[in-house]
Amino acid sequence: MEILSILIPVSLGLGAAGLVAFIWALRSRQFEDPKGDAERILSDKWDDRPRPD
Amino acid sequence: MADLTASGFSACPACDAAPLAQRLADRADHADGTLILSLPSAHCATCITDVETALVAHPGVRSARVNLTLRRVTVDAPGLSADDLIPVLAGVGYEAHELDPDALSATTADRQGRDLLMRIGVSGFAMMNIMILSVAVWSGAEAATRDLFHWISGAIALPTVFFAGQPFFRSAWSALRVGRLGMDVPISLALVLASAISVYETMNSGHHAYFDGVTMLCFFLLIGRYLDHRTRAIARSAAAELTALEVPRATLLIDGAEQVVPIASLRLGDLIRIRPGARVPADGEIVEGRSEIDRALLTGETLPVLAVPGQMLSAGEVNLTGPLTLRVTAAGRDSSLARLTALVEAAESARGRYTSLAERVAKAYSPSVHVMALTSFAGWMWATGDLRLAVNIAAAVLIVTCPCALGLAVPAVATAASGRLFRRGLLIKDGTALERLAEVDTVVFDKTGTLTMGRPVLVSADPLTPVLRPVARALAEASAHPLSRALAEALADQPVADLTDVTEHPGFGVSARWQGRMVRLGRADWLGVGEDDGTLPTSATWLAVEGQAPVRLDFTDELRPGAADCVAMLRKARLRVVLISGDRQAAVADLAARLGIGDFHAGVDPRGKEAMVADLAVRGARVLMVGDGLNDTAALARAHASISPASALDAARVASDMVLTGNDLAPVADAVETARRATRRIRENFAISIAYNIVAVPLAVAGMVTPLIAALAMSLSSITVTLNALRLRDRKE
């Protein structure tokens, strides 16, 4: 049962990492235009050279 | 803008629209260069690239970014206005409309949405972690291990409930303060009671703790809350999008000098100048100038009316050909616009009494939950005398009956349905609009601007001999009159004849010299051919060449695309279709015959329209009004549900529940069908969640509900309800 003292913090830590990632994504406005982002990846506009910015 | 978005929908939208438009007018002077345009037709990756490339290539545009979810493009272009960019987009094939950036940045709604998402994220995280620990407890963890797991669960759950439950606590508190029991009171009670009893059980090494159930409750209810918020935010921003781009300004004449002033500052007796193409800003009498007046938005008349000194004009009419000077006879409260606003106000309050399905269910739900929880508590207390057991069972009853599925039943369906309608080109502005639309059995259409485009097209160029066509085109191009423009468009493939001495005679027509002869294009009476025959369904203009008989050119109002299909589909769905118009009998009868509408009324004024809609309602009909003009506004507000096209006057769009984003009318028929299906789904969803309760509540009252069963019932019912709602999305017909 000693393994629990490692596993529980590990599972909580992983969950917290996911939560932090979610909050970061939310803060950086990645949920503003889900449909547009899904379509943008299909655009071949910047296939030949990187976008200058 | 803030007060409109904050207060949601006011009893008198038209009253809001005027000051709102006023603020827009003020704002236009100090815009910071960010423009937002709506793009109803954008739908794919190519659209994004096309629009962004076209805009960035335009001089003065620093950047452009399309948001496909909202179908908008945000353009950073200091010094440019929407009027500069709309033609650019039209050039690459995209219809665009200006939106008000201040209204749309919608910071409060935006922040609320992200706030809710954050709470969903936190409660989701908590739920999953607690579930891992709970699985161990359910599968038989004993003694110290179980207590440890309960403590850890509690340590995660309590802060989560405190943070994620805030929306419920807050709204429960505000409901209680005014002495009501909303949906949120039993929810908050369940959250608090279940958390408290779980802590108590954990301290006493009890078997059951509801930490998992509590976080799950937060999670599912927050999802429902978020969907609801999103539908509302979209509706609100739709309403904001559509308000008032008609900037209320007038050109005031002071001692012969022109000065642009806000309409609100006009006084009786002021002289104002109205340019050709401008809208009349206030009621008044013409003191100088001749022109023709387009009354289509006010009365539905398609024929332009001659305007001469001494004649009265009403606000909202459009001056067509010559500049006019007007003496203001009524401004503000007394103007015809304000009288219409009062009509709308009266009509709105009649409709405000609608209670939605969800409200009716909530009204029955929350007292019965409290009664059940209290009864089971009292019953067990009386039977066993064990306070701890009785509280445990009361908490279980509250958790099991908690309206996870009920909270999702409506928002999930509304989101799916409004998303579907949005893709088809219909914006829903009002929360209960879908339900009201589903009950509709009669559809009343306006003619000009709704079933038709309100734009004349030449019936046929045949009356013109090939020799005259270039002459007609050249004359037509000299005027901005709608009939001239339609003629020029129809003859666009013709060469342009050489004319000299081209003069426009405001209110009459255009004259010029061609090969030494006088040629004139204009009104019948000006050319001396007598009055136009008012019994014909078409509008006409005449072309006269000196020494020849004048030629009559007929124009008809172009049908809106999808109008015929829409009417046919509505009739197929066995809805009664009525046409009410302010236009002449002949024109209305012609259109009704073309569309196969048997029930039509011509020459009806705004008050008459409202009265007819009200009369239909009295006789038990549920009316869907589709209209665009100022003359329809009161009827739109009076009807059970209402739709207006995007080209409609702002007041009409504000008064209606739904707005078509494109030119096509076909989504109207589709909307009725979708609304009916959506309401059916909502009822099914209520049935599903009630069925779950019927099974689970007796178990809870009997004290047989373990945290495992509570968790199962909660998640199963929520998922079934959501899946049922999703069936609405784009099913292939």
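Placement of Cβ uses the backbone N, Cα and C atoms for every residue, glycine included.
Here is what TrEMBL records for this protein:
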type	residues	note
DOMAIN	B:33-97	domain 'HMA'
TRANSMEM	B:116-136	transmembrane segment
TRANSMEM	B:148-169	transmembrane segment
TRANSMEM	B:181-203	transmembrane segment
TRANSMEM	B:209-227	transmembrane segment
TRANSMEM	B:364-383	transmembrane segment
TRANSMEM	B:389-414	transmembrane segment
TRANSMEM	B:686-702	transmembrane segment
TRANSMEM	B:708-726	transmembrane segment
Stretch-level contact, the transmembrane segment (B:148-169) and the transmembrane segment (B:389-414), CB cutoff 8 A, at least 3 pairs: no
Range from B:364-383, B:389-414, B:708-726 with the greatest count of C-beta pairs under 8 A to the transmembrane segment (B:181-203): B:389-414
Secondary structure tally of the domain 'HMA' (B:33-97) (DSSP, helix then strand then coil): 23 helix, 16 strand, 26 coil
Outside the transmembrane segment (B:389-414), six or more residues from its ends: residues with CB under 8 Å to it: 183, 186-187, 189-190, 193-194, 197, 201, 208, 210, 213-214, 216-217, 220-221, 223-225, 227-228, 231, 356-358, 361-362, 365, 369, 372-374, 376-378, 380-381, 431, 434, 678, 681-682, 685-686, 688-689, 692-693, 696-697, 699-701, 703, 705, 709-710, 713-714, 717-718, 720-722, 725-726, 728
Local confidence of the domain 'HMA' (B:33-97) - pLDDT mean: 81
